[in-house]
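Record features (TrEMBL):
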| type | residues | note |
| --- | --- | --- |
| COILED | 486-520 | coiled coil |
| BINDING | Gly607, Pro608, Asn609, Met610, Ala611, Gly612, Lys613, Ser614 | ATP binding site |
| DOMAIN | 681-697 | domain 'DNA mismatch repair proteins mutS family' |
Amino acid sequence: MKDRNQELTPMLAQYHYFKNEYSDCLLFFRLGDFYELFYEDAVVGSKELNLVLTSRPAGKGRERIPMCGVPYHSADNYIKRLVQRGFKIAICEQVEDASQAKSIVKREVVRVITPGTYFEKDTAGFACIYRKGKFYYLAYLNLSIGDFVGARVKTEELLDFLSKFNIKELLIKEGEEPPSAVIKTLSVFITKLDDEFFEEGVELLRKAFDIHSARALGFDEEEFLIPLGAAYRYAKLTQKGFTPFIKKPKPFQDEGFVRIDLKVRRGLELLESIEGRKDHSLFGVLDMTLTGMGRRRLKFHILNPFRNVDRISKVQEAVEELVQNREKRCRLREILSGMADLERLVSRISANMATPRDILHLKNTLYKVEDLREEIGSLGSGLFKDMVVNLESLKSIADEIDRVLVDEPPIHVKEGGLIKAGVDGFLDELRFVRDNTRKLLKEYEKKLRKETGISSLKVGYNKVMGYYIEVTKPNLKYVPEHFRRRQTLTNAERFITEELSRLEEKILSAQSRINDIEYELFVQLREKINGELEKVGRNAQIVGEIDYIQALAEVADKKGWVKPEVNDEFCIEIEEGKHPVIEAFTRSYVPNDTFINEESFIHLITGPNMAGKSSYIRQVALIVLLAHMGSFVPAKRAKIGSVDAIYTRIGSGDILALGVSTFMNEMLDVASMLLNATDRSLIILDEIGRGTSTYDGIAITKALTEFISRRIGARTLLATHFLELTELEGKVRGVKNYHMAVSEEGSGVVFLYTLLPGKAEGSFGIEVARMAGLPEELINRAKEILLSFEDKSLPLLEETFKRSEKSITEAELDAIIEDVLSIDVANTTPLQALLKLAELKEKIIRVREGR
Ligand SMILES: Nc1ncnc2c1ncn2[C@@H]1O[C@H](COP(=O)(O)OP(=O)(O)OP(=O)(O)O)[C@@H](O)[C@H]1O
């Protein structure tokens, strides 16, 4: 059979070869100064990038094929747009000089760009997951900063865990499906890889990091190597040998941090507000960092606050020192503000993607590291002292860059103008030739005139002949033998000499040779730097930490926040606390106090709509979180007993895409909270139970409050409209009522935003509706209906609760628990178990009915 490709033009035949190999990618095929897309790729590309779709002949007797293209020097922006939309791109480059090519120019795919591995413009990363039993083993790899971690999480915790990272792509085994919540919530691009890929990945990883077992990396099971290996192999495969610096994989340390899950992150608007605004989030308020390294660290600690009290006080001490020493802080800010992102530079340099300007930034930043060391060295806090020891001097690299690279290098590496004079003798010579052509020729002319005695001898140039020596006819008799005749004119003859040929060659090739030599010297410099990248990476971490601390100090000083006392007690005492974000955007935020202790640790906060309940409970959670970050807090005084986790159930944190109703969502959250919370946790509940009937809602919230009090003992703030709950004060251990005060003035209600002990009087819902501008007629009718409810329905409600009061007392419940605990499960037959179950059920029914 005739090969169809033979009928294609040779170039398109080559295209087909690569497109077959990279069928899941859009193939960017380099043709001169353009990357061209053909066939379907061209149709997709033109649509996504708004490019003109043209066509070209495909070969003899064939129809024209669609095509579109982008200029290579501006391809980055197009690539970025496509990658952000989830496309994979294979870059197929010309790998030989087109002018040297004997037939069709040689091409190769030099990189595959996927959403998770594209790191030029974004800090993106990808994860690889491997499921075994109840667990997921996972690897996270960020190519822009080289971070590489492994972890093991329970199936149901996968989403929370992944959401800690900025993941654009998820690798998974062929045949397995990732949890739909992960895809919907994180909107990641899924890449499936076969078993073999995973197996070979492990081998590659072992070799790359020279390890025999996962233990060598600090992991306790070999399974960790499976996703780590696949992630590593994927990085290698997509970067085609130009893999950026990847740090040794290490276990993700979760234990040292307060647990903050995805719901808390959304509910408390930690990184962005519900409307997606960064400036209206905790991060927005705290972000006084000046470097990418500091910004990343800030985000990390917002999601991973410190758990350990000693660690917190170390950070606090450093922050406090910078709050007090404003001059020093200003100096640090001055140094930091001009620093490049060392972590990203490390990646670009190790992937051989660094431009001369990147190297220049590295030099300047390394000199600034020296300045930082000096400044930090004069500070007294323990943390700063540790930093000085760990911050390595890389001045020798900076000096080497300074010796070799010019002070204002061009963007591109191959255009020359990179290397300083004096670095390389031959380069200097070539430059002299290039810059002094006229002078050299004049000198040569002078020399020949002297040698031959022909004073009219001229050295000239034309495009056809190149350089020549011209002698007028009368002087031809003086021409020496080594002059070779080139051309005869009417009045003169033109010659060439060996020496002039050499000079010509030197002059004509000078620029391209200069460029080659400069490139070579630049590559050598890059290689020298490569050898020190680990040190640069370590320094980057410390710079990030300094930036983090100065940012907290800057915020604290600018906003007049105070240092909280953080200890291992149970209490939370906040005097005149404020919501850190609302405070920043409200002119007169009313501060409130919080006093939680062993006697009063479940606070029920009632009050009308709009009275400030939600803001208050979030404020407490945020102050506790800030305190664990080592930050100062918006309050007059604060004493925070440390927490192991913050849990929130706040409606706005719902992940609606999951296809579960609001109420079901709420119950799922509560269930997982009850499973994980301990007596060291902080629980924030906002209007639990409002997504179902009032009776069910009240019943569930009451039962939940009892459960938290009896079984968990966690510090809890619960905002509710169910005034019926306030009956629990005095009956259930730890429960205390508070309300947000309002005053009724004339016909309206005025919100005071002050938290007072005791329960609220009424809910004023209709009043709020009136303030929102609902028609007067509707408001009056609502008042009538409300009055009729108050006549009839309340007794009904009270009745319900009288009945529910009759339910189980603490003593009765303890008796039942004792009964269950006394069962010797190992020695119970199935029949005995069933009988026991029936007996227990009967007992519970009797207790509930008061029999
Ligand atoms: N302490 C405060 N000082 C000043 N303004 C406040 C304070 N607390 C809340 N507010 C303002 O009041 C508005 C309503 O607050 P919030 O949503 O907390 O009320 P709520 O009682 O939870 O209302 P609802 O029951 O309707 O959810 C907020 O948008 C905020 O701007």
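The backbone N, Cα and C atoms fix where each Cβ goes, and this holds for glycine too.
Here the features listed in TrEMBL are placed on the structure.
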| residue | record | Cβ contacts under 8 Å, 6 or more apart |
| --- | --- | --- |
| Gly607 | ATP binding site | Lys613, Ala719, His739, Met740, Ala741, Val742, Ala760 |
| Ala611 | ATP binding site | Met740, Ala741, Val742, Phe751, Tyr753, Ala760 |
| Gly612 | ATP binding site | Val590, Met740, Phe751, Tyr753 |
| Ser614 | ATP binding site | Ile650, Asp686, Glu687, Ala719 |
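Taken through DSSP, the domain 'DNA mismatch repair proteins mutS family' (681-697) splits into 4 helix, 5 strand, 8 coil. For the ATP site, the Cβ centre of Gly607, Pro608, Asn609, Met610, Ala611, Gly612, Lys613, Ser614 serves as reference, and the other residues of the chain with Cβ at most 8 Å from it are Ala719, Met740, Phe751.
Counting Cβ atoms from all protein chains shown, Pro608 (ATP binding site) has 23 others lying within 10 Å of its own Cβ. According to its DSSP assignment, Asn609 (ATP binding site) is coil. Look at Ser614 (ATP binding site): DSSP puts it in a helix.
Close contacts with ligand 1, defined as a Cβ under 6 Å from any of its atoms, occur at Asn609, Lys613, Ser614 among the binding-site residues Pro608, Asn609, Lys613, Ser614. Packing around Asn609 (ATP binding site) is summarised by its Cβ count: 17 other Cβ atoms lie within 10 angstroms of its Cβ, all protein chains included.
Counting every protein chain shown, the number of other Cβ atoms lying within 10 Å of the Cβ of Lys613 (ATP binding site) is 26.
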